[in-house]
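Take a look at the structure below.
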Amino acid sequence: MKKMKIFGFLISFSLFFLSPFVCQANYDSNFTRPPPRPLFIVSHGRPKFYPQQVHISLAGKDHMRVTYTTDDLNVASMVEYGKHPKKYDKKTAGESTSYTYFFYNSGKIHHVKIGPLKPNTKYYYRCGGHGDEFSFKTPPSKFPIEFAVAGDLGQTDWTVRTLDQIRKRDFDVFLLPGDLSYADTHQPLWDSFGRLLETLASTRPWMVTEGNHEIESFPTNDHISFKSYNARWLMPHAESLSHSNLYYSFDVAGVHTVMLGSYTPYESHSDQYHWLQADLRKVDRKKTPWLVVVMHTPWYSTNKAHYGEGEKMRSALESLLYRAQVDVVFAGHVHTYERFKPIYNKKADPCGPMYITIGDGGNREGLALRFKKPQSPLSEFRESSFGHGRLRIIDHKRAHWSWHRNNDEMSSIADEVSFESPRTSSHCHSNRYRGEI
């Protein structure tokens, strides 16, 4: 414990001098938030063969990927699972990877794809033949379905509060639009982050995309980026025919979700552009009536922090999303919450997606408090507070969105809206308003 306190102090000390700060002035809301919290370090304290940092993610139709780490390199990449506690009637082997960074060694990172699994069913599982028993519930195969959403998590007391509030109400899938651990090359922080979220991420699938804090260019001849992220957070890119772990898609219930990469090429000649174009063309709105997109850098924002950083990506990809009739676009990066009217090409458009910035998970850099004034008529609601969101898809036509502000022991609903998919509007469905993808 003493070593962990020293480690936490050294990390906090270095980050204090190396990290940018958000000026806490010109507050655009009447809700007052205390200063940012220090890092919340979670130690292991178990034998080396014990699985740790357990999390799950969707991995194609009726399958789940279980990821865990062991310090002992001899532990098998294997998951036992079944529908009853301590009774595992199935066992699946997987793969493993590892990486080094100067004197740091990641240990053995295991990825095991299990299934086929039944929808809306609780499974019990054990990793590597050792350690604790975990359990998860698979998402439903049809509506309703509920997503919990929070970006820019980090690992502070505010992160803990956000995760606690999310845990209080059930959900089916967690969406994280980038900036996970805020390790920023301090590799032990990846381990601490994995331990911090294990109690939640081992029970429901976490679907994530990368942010700028995941870039972590390694000081090698080839300057590899995203090495830690790609090793630890293997998403279903192969299952969605993407050649990169930085962008992919997945289906759950009646929702097709596309996770885009803000920090990998997206221009019209890029692999990501061609993959996105092909992916959207294959969407069958009879099978997946809802279409959701998640990315890190917002295309629309009225906050002064990172203003305009998503403009090039918007110019390259927005028309694809519009023609595909995307319903909702989530982003992070700006440490605030903001919800826009349906937009296309910087104008209100009832056939465009509803854009939501939700980079308020609890990161160490604090909140982005400086909004542009007066408030744009396109911006429906904005507030600089930590919290999380809930997207509940009720049926093929109706959905409900709510944003839950972290308020001491309670998680109060500060913003909510019920809406219908633009796809169901005869005006928006007309080919007169849509071109080919």
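Placement of Cβ uses the backbone N, Cα and C atoms for every residue, glycine included.
Over in Swiss-Prot, the protein carries these features:
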SIGNAL    1-25  signal peptide
CARBOHYD  ASN30  N-linked glycosylation site
BINDING   ASP152, ASP179, TYR182, HIS335  Fe cation binding site
BINDING   ASP179, ASN212, HIS296, HIS333  Zn(2+) binding site
BINDING   ASN212, HIS333, VAL334, HIS335  substrate binding site
ACT_SITE  HIS306  active site, proton donor
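Structure with Swiss-Prot features highlighted.
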residue	record	Cβ neighbours (10 Å)
ASP152	Fe cation binding site	29
ASP179	Fe cation binding site	25
TYR182	Fe cation binding site	24
ASN212	Zn(2+) binding site	17
HIS296	Zn(2+) binding site	29
HIS306	active site, proton donor	17
HIS333	Zn(2+) binding site	27
VAL334	substrate binding site	28
HIS335	Fe cation binding site	29
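Annotated Zn(2+) site ASP179, ASN212, HIS296, HIS333; additional same-chain residues within 8 Å of its Cβ mean position, judged by their own Cβ, are GLY151, ASP152, PRO177, GLY178, GLU210, GLY211, HIS213, GLU214, SER262, TYR263, THR297, GLY332, GLY359. In the three-state DSSP scheme, HIS333 (Zn(2+) binding site) falls into the coil class. Across the structure, HIS333 (Zn(2+) binding site) and ASP179 (Fe cation binding site) are spaced 7 Å apart at their Cα atoms. Within 8 Å of the Cβ centroid of the Fe cation site, not counting the listed residues ASP152, ASP179, TYR182, HIS335, the chain contributes GLY151, LEU153, GLY154, GLY178, GLY211, HIS213, GLY332, HIS333, GLY359, GLY361, ASN363, ARG364, GLU365.
The substrate site, placed at the center of the C-beta atoms of ASN212, HIS333, VAL334, HIS335, has further neighbours from the same chain whose C-beta lies within 8 angstroms: GLY151, ASP152, ASP179, GLY211, HIS296, THR297, PRO298, ALA305, HIS306, GLY332, GLY359, ALA368. For the pair HIS335 (Fe cation binding site) and ASN212 (Zn(2+) binding site), the C-alpha distance works out to 13 angstrom. Candidates ASP152, ASN212, VAL334 (binding-site residues) were compared with HIS306 (active site, proton donor); those inside 10 Å Cα-Cα are VAL334. The secondary structure of ASN212 (Zn(2+) binding site), as reduced to three states from DSSP, is helical.
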